[in-house]
């Protein structure tokens with residue numbers, strides 16, 4: 001089940017199965033006024049892209065029920081979604097490699113406000129250049 005928060009000109013998709021992590025990451029994105037859609041597994045993320053939804057950035061966990069983050073990334077990239085910044089979030093070193101192999105742009109072990117701010121600035125800059 002997806003839900004959204006509204007704000008800036010950036011659209012984010014948060015893919016996370018653990019409720020407390022969803023809440024924390026959603027609050028972080030809200031702090032930067034990012035319009036955020038939240039889903040609980042990779043399958044739900046893929047279904048949004050199949051339905052024509054577009055996002056500027058995707059933040060995804062690795063291990064989730066139904067479909068993992070790397071599986072979702074591979075499917076999203078295979079659909080031609082190459083402009084979206086995809087960030088894998090996991091403390092597991094093996095996950096980092098899985099994310100990169102699947103097509104993630106970036107992998108972070110823990111998302112801190114400073115790191116998220118930098119990623120969002122980079123994403124905004126990329127979006128502004130492509131729409132200019």
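Any Cβ shown, glycine's included, is placed from N, Cα and C.
Taken straight from Swiss-Prot:
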type    : residues : note
DOMAIN  : 11-125   : domain 'Response regulatory'
MOD_RES : 61       : 4-aspartylphosphate
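Other C-beta atoms found within 10 angstroms of the C-beta of the residue listed as '4-aspartylphosphate' number 23, with every protein chain shown included. Counting residues per DSSP class in helix, strand and coil order gives 55 helix, 22 strand, 38 coil for the domain 'Response regulatory' (11-125).
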